[in-house]
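Asker: Okay, handing you the structure first.
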């Protein structure tokens, strides 16, 4: 091919091409958008038809606000540097508006995480939240709550990431893909939000009756969203985490994906079987939730677990989900999409499981002991890591709730947290957006527009039902008159052969 | 840049980066999930509303069971090695539970194929299958039937892949992306399954009337699924097959994609025009099916065909689909989603077409003869390959049917193949899953909840219709009494001015 | 690792692997399919239920016709070479049927663009266009109108791309991802098409009443399509443009994506706030349109703008969309999906904004002047570029309209442009395709099929409404008779206790 004197040029050329390829490849960060999109569909299917437009526009604005907020401020808090190393343990403060930032792919990736953690919360307050509440918490989570957590856990300067070092023991924060900083954060806030906003009208009765399920209007949408979410998790937990954690060994990427899907499968099967045994039905929607909880739990350590470990992590996540969703029912906290049970439950369990059954975890330490290898050191290290992980999880919960609780309480005080009962009963779509998700007049065929249908084809479903009811009432009135031996006083025969019934007999 | 002494280090660095990039890239195997997801939506739209939840959960479990099964057993049968080379012609038996396996991306890819071949079958038994039947055949196909076929056709040790060698002639199994081992396999099993389970109630009349189409409940879902499937096929037939067949020449990937879409386009246009000429309508759903059949046929040899060949392969696939779907009607076998005609038809035609019009096929051999180049050798080779390909196709059909037929028959014997007529008529969703796909009470607005609507707004569509019917009947009864000159005996005037009609006059 | 004598082999190996990886990577061009698919869903949701199948099949055929047309002819016009350099300024004419072409990924990418520009138009003529009109304009746009424009603007030989050179001044056509050749082209044709075909029945009243909105039947579909479109734009404007413009600097790809989403976010927020202030509602669908217009505007120069510039470009696009959609209302031109306002408006604004606020634009030139750096040269260059860009935009508009106007007029003359009022009122689906998007008989449960429901469960929604109307009329007639003191003449009591009413009293 060429003489040795050309090696330098060729190597430079190869490096250039490799760089170009890597840049092209960053397009794949788009895959993460799947998650945002999936949540949108999932949530749209899981609310009642009268609130569908509301949840859709809310999610659109989540994306818009999060990108503007994370670009302007969030990134700087999360990955900006700090001149003071003590301050730097807790917060960054440079590269506002991305000034001077060059790691655009990482920005993209983190932005989607930020939008996701905000979106999780909307599941918990769905069908009754004021619009201004959405805007407020989305802005605060994506510009402040989430960025600070990633600074703690994922930037090299953060205190959780640095951990403690003492002798042989060295702890750090184990969270490959956001089990803690994304899901536990969003899930914890969901709990607080659902608690403060209160249950939807009709969810829990006052007279000790069992809670009444409020069903979403479209199982296909909810299921489709769930399936795309699973697909999105694979992307999440697959390749691109290389941006955050230096992948090192190449197999990690594929391993992460296999662990993720196995986790989801074991969580789903565990839940499905328990549900079938206790309730006698094969439940779709709850099984999807369990599957998602399993995948959330995989986020913590899917890069450093063996596939067999998913039997433990996945099944545990399914059971955790089951228990927490029961707990919410028992507490009479109404979380329409089980955001708390899925995300906080799955995330927390994943963080713990990572210190038990992943590499270097307690199971491996015990195995070392059984084999008489570094027993004491392994055990100490493994339990210290578990302790640190618990501290980190606690910190995430406390931080998330400490920031958001006062905000929800304040919004409640000024009457901007929850819509009025009238709006809630009649649906948010028409009051707040003027856009019915399924406008009645856009269905049906022109064959129905002849004059004989004028009285049965008014503009909305509501009106058609009123019309039917009125017709019945009129006839009932007339019959009553006839039965009483009178000519029905409110009925007049018209010259065109129609029967007119005077207005005052109407409902 | 640097002195020559640094070349080694730089080259190592380049290799490392290349490896990392390749690993990241494996994320794209996710693209294959599109196919699974698309089938889900496609099938959901193609069944009646009352069976929608059933088909959705069935697909969720397909994915879960297939990943667990393929991880535990399937992979070992397909790509595990065998110490005995004769046994190795037929089955592998190492790397159970992925122990010792390292090719995770290939696992992922093959797992999706396995789930797909199982999912194809569910189209053929939709709307009447017992849930346990789904679970059974999915487990068997993904852990045994499909893995063995891939061992035969795609592992280097398999007998189909090895082919025969005799003098100048050397045959092999030509199947780039699963036309045979995925689609012909799934399609053949669909035929058997649909035959044994029998047609849906109302599909074929006993008195010689023409078959009555049973329409899916949502054309948009079916179409959306179809479109995503097309997109998924492109991913399928595009880049990542490099995992299976060493791509060698770089243009193959893009060529495969172009051939795939052209195949689909010609199949669709052929079908559309024939249908328009004979039936006078532009049919959407059947055209989508034809397009899919065209893309299935592209799976066999889209990597080694010229774009012009798609005129032949694609149009042929459209016609094959048309004929096979007519055949099924004539045989009175009810295959709700035309799984047999699309997948078995498209797959079989693709395998044959690959030996005719792809590179080294019969057309090229004849062209050689016309140009007096190696005529005899080319012709012998091309026809020998056709013969071997037919043997392989036959083997796939026989194997698939031979394993699955006894299982379906057995399930039928023990009454676990098909639901009862009552469940079938009333829909599987509420009986089996307790989850209506579109719960009536989740539609409508609160304006309808006033007291005047109590009698017209009961909980389900069924009940609202009963209410209307009853109201009509009551009034008819009353009129009848009036017409007979009697005071309607079953009508009482209440003090609140309402008319009460005694219960026994109700329907 | 190895001695220096092996460098050559290693470098060759590295190059080979890099090539393979690049080829694999081309699969990502699939991401562009997202846009086609998204438009499909978006449009399906935005029409009335009675025209849903029509718009779906139309989009299927768009894809099929465009790939066949672009493969056979379009590519040759766009990127084929020309032996005559003057002819070559305007059109290419080699590589018909891809003969001799090797850049398959670019073909794929351009094909999707071609299909997209044709699909844009269908939004403007939706719900009233003859099917043959779709087929005609799709074929012409994808094989001729769009390819010629790309030849002008994107092939190195085209006159727009070459621009003018005079002294220090050098202009070219700035359009990174099709703001002009795709969106302005499709949007301009949309205007012409909507004007010639005329508004839908009922859209504008003759008596000075305000225009009546005709709502799409499914906000979730429209919104889902819109979200996927946003995701698709990111792919569009992200990595793969490297095929067209040599990316050079690696950060461009990620920068393009960030600019695209920020553009969309600012356009959406601008529109949302204006709408909320003037109309008091948070509108979803129009906000999505504004967001799309913002992303369209990003296509022109997202590769060479700083993120802060999106405040200008994005907000401007939102306002442009707002004004143009008002203009269409004022002109009483009915563009059901606002194709003109979104695509022509966003595209044109993007082209202009690119010469104002992108690198080397007027803002930078003024900044140079303020800093006394090459003031005169910068200013001259920037304004010359603005002028050239305006000429190019004008050329795109004129070319697109000049070709398509006669075609639409001709189709109108021969009565093949628009369906009859009867078909339009009754919906295209059943007349043209025989496939109702939501067949009535595929809803409901078997519980409704008992004999007592026979009269209230006929086959279509239309029939059920007729039945209710008839029942009411019968009873009214009977009451009229009773009120007149007669035995209702048209009522007969049957032996089975039912009331029969003679046919002639029916509607």
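Cβ coordinates are placed from backbone N, Cα and C, and glycine is handled just like the others.
Positions annotated as coiled coil by TrEMBL: C:4-31. Annotation comment: TrEMBL describes C:31-48, C:60-80, C:108-127, C:134-154, C:174-198, C:219-240, C:252-275, C:282-301, C:307-329, C:341-366, C:386-411 as transmembrane segment. According to TrEMBL, the domain 'Ammonium transporter AmtB-like' annotation covers C:36-438.
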Asker: Most CB pairs under 8 Å with the transmembrane segment (C:174-198): which of C:108-127, C:134-154, C:252-275, C:307-329?
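Answerer: Against the transmembrane segment (C:174-198), the leading stretch is C:108-127.
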Asker: Counting only pairs 6 or more apart in sequence, are there at least 3 Cβ pairs under 8 Å between the transmembrane segment (C:341-366) and the transmembrane segment (C:252-275)?
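Answerer: No, the transmembrane segment (C:341-366) does not contact the transmembrane segment (C:252-275).
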Asker: Considering pairs 6 or more residues apart, do the transmembrane segment (C:60-80) and the transmembrane segment (C:134-154) have at least three CB pairs under 8 Å?
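Answerer: Output yes: the transmembrane segment (C:60-80) sits against the transmembrane segment (C:134-154).
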Asker: For the coiled coil (C:4-31), provide the mean pLDDT of the predicted model.
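Answerer: Mean pLDDT, the coiled coil (C:4-31): 57.
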Asker: Cβ under 8 Å to the transmembrane segment (C:108-127), counting only same-chain residues 6 or more beyond its ends: which ones?
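Answerer: 26, 29, 32-33, 35-36, 39, 43, 46-48, 51, 54-55, 58-59, 62-63, 66-67, 69-71, 74-75, 78-79, 133-134, 137-138, 141-142, 145-147, 150, 178, 181-183, 185-187, 189-191, 193-194, 197, 200, 214, 240, 243-244, 335-340, 343, 424, 428.
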Asker: So, does the transmembrane segment (C:134-154) come close enough to the transmembrane segment (C:307-329) to give 3+ Cβ pairs below 8 Å, pairs being at least 6 apart in sequence?
Answerer: no
